[in-house]
């Protein structure tokens, strides 16, 4: 089949930049759905966070009591008792902070685990056209980097921000209780601080959108080029690809530097404003202390309150860092989750029983985009047990027919019937359970040979696997592998030869015992000996099954019950090998072109043409 990891012709890659217009509140409501299943955990984390926030402002007040009520009059016994209270407050604060930190981290991990599961489940339901438009590296970024960013927000952002709000509120109350005039002096810098925060929030969001976009670009580039490293090295493209990578890497660096620049301005600005507030307090309170209208304990406690008050505001730079990155990531994740599942399960599903494997295409037309038809008014029938061959040049629509039959896409016009049932009414899993597909580019997962044959199906026994392998002829090489069927296959089966991977895919198709067998260039990438082995096994495999074979080499389709010749998405000819040769049409031209450059195959070529020559002689 066509390589589904590459965009099909005409398909536009989806934009990766968030709109920036999505309301943060809307995103937070959607995120809350992943926290909602854990109400006890959420409530406990919130209570402990608020408790820690409310205990912390007690320390400056206890300092004020120690200075004004005990040190000033030399009551050291009372001071000792107050010191014990102070230690108790510190202990309670430490315990509350520990519980808050642990529970918020636990809550974040549980929430993002469910989010990852939702993303992966949704990805499995999306049409292949979505994957044609989106590089694998970009999708990897969604499931890993972006989700981890949300984890950071859930575990150390939202609840911590709530604690900061309560702490600031409690500090303000305590400051007003101690001295409302000093409190107003402290607040004189807040308008400037509020303005700085709003400006920072505006620009840092744009900066972090750029950062996440560049991370996705970098991941997509690396995934593609690591996968295609063989081609890069064979064609000496190392320097060119290095330059491309350097450009993307530089864009990623610049985006990060812009975000750090805003951060570097905001933090010193808050620090400067807090220093100004402290200076104003010292200047204003010094006169009042000399006038005996203000105690030294109040002044010292106010200095401590200023440090406590401005510390959460200083931390807002970090909080905004986390929140803005998380908002950007959330927009991307929910955009992915909002992708529509175009092939929906039927409302009233029909599950065929005693499937025969009869296939019928009725006036099927299909386009990947708009009305650029890849197939146009295609109609044919494959009776149960027949072997059908699809022939045609690249882009003629052969693989598209298979994609439609497997329900990876749905035709815009016409219908496809299986045993007289429109496949739109058959659930995807039920339909594909009856179709065995052997691709030209065999994909093997990391795991054992056995795992790649069964694909995790516990109902398939070892005896069935070994019997299928013997039928295909794969048992000979599998048993020679270290650990045999438990041999660890590397990523994509890179340690195995092309022929070995293809044989494993045949065993996989056999053990599932499908009624319909699809062979997409199944023998075009193996040596002659392996091809002969496979062809022998295929005769047994295809017996009693409806088979659809796609092959550019016409020698592999000569025994087909029916050959369908496709040209630019339409059926040009249909018939047996001999019938099509006698018509001297497109199939005849393809046959002549293929064998014109193969002198060693002349014997077979002449043998195939002999009935045609005899037929022409009789006509004369």
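Note that Cβ sites are derived from N, Cα and C of the backbone, with glycine treated the same way.
In TrEMBL, annotation is done automatically, which means it is predicted and not curated.
Here TrEMBL flags 45-325 as domain 'ABC transmembrane type-1'.
Annotation comment: TrEMBL describes 359-593 as domain 'ABC transporter'. Taken as a whole, the domain 'ABC transporter' (359-593) shows an average pLDDT of 85 in this prediction.
Look at TrEMBL and you will find 38-56 (among others) tagged as transmembrane segment.
What TrEMBL records for 76-96 (among others) is transmembrane segment. Sequence-distant contacts of the transmembrane segment (76-96) (same chain, at least 6 residues past either end, Cβ-Cβ under 8 Å): 48-49, 51-52, 55-56, 58-59, 62, 65-66, 69-70.
The transmembrane segment annotation in TrEMBL covers 158-178 (among others).
What TrEMBL records for 184-204 (among others) is transmembrane segment. Packing against the transmembrane segment (184-204) from elsewhere in the chain are residues 175, 259, 262-263, 265-266, 269-270, 273-274, 276-277, 280-281, 284, 302, 305-306, 309, 313, 316-317, 320-321, 324: each is 6 or more residues past its ends and has a CB under 8 Å from a CB in it.
The transmembrane segment feature in TrEMBL is assigned to 260-282 (among others). Tertiary neighbourhood of the transmembrane segment (260-282): same-chain residues 182, 185-186, 188-189, 192-193, 196-197, 200, 203-204, 207, 299, 302-303, 306-307, 310, 313-314, 316-317, 320-321, selected by CB-CB distance under 8 Å and a gap of 6+ residues from either end.
Counting residues 6+ beyond its ends, the transmembrane segment (294-313) has Cβ neighbours under 8 Å at 56-57, 59-61, 63-69, 72, 164, 167-168, 171-172, 174-175, 178-179, 182, 186, 193, 197, 270, 273-274, 277-278, 281-282, 285, 288 in the same chain. Feature annotation from TrEMBL assigns transmembrane segment to 294-313 (among others).
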Residue numbers, six or more beyond the limits of the transmembrane segment (158-178), whose CB comes under 8 Å of its CB atoms: 28, 45-46, 49-50, 52-54, 56-57, 60-61, 64, 100, 104, 107, 186, 298, 301-302, 305, 308-309, 312-313, 315-316, 319, 323
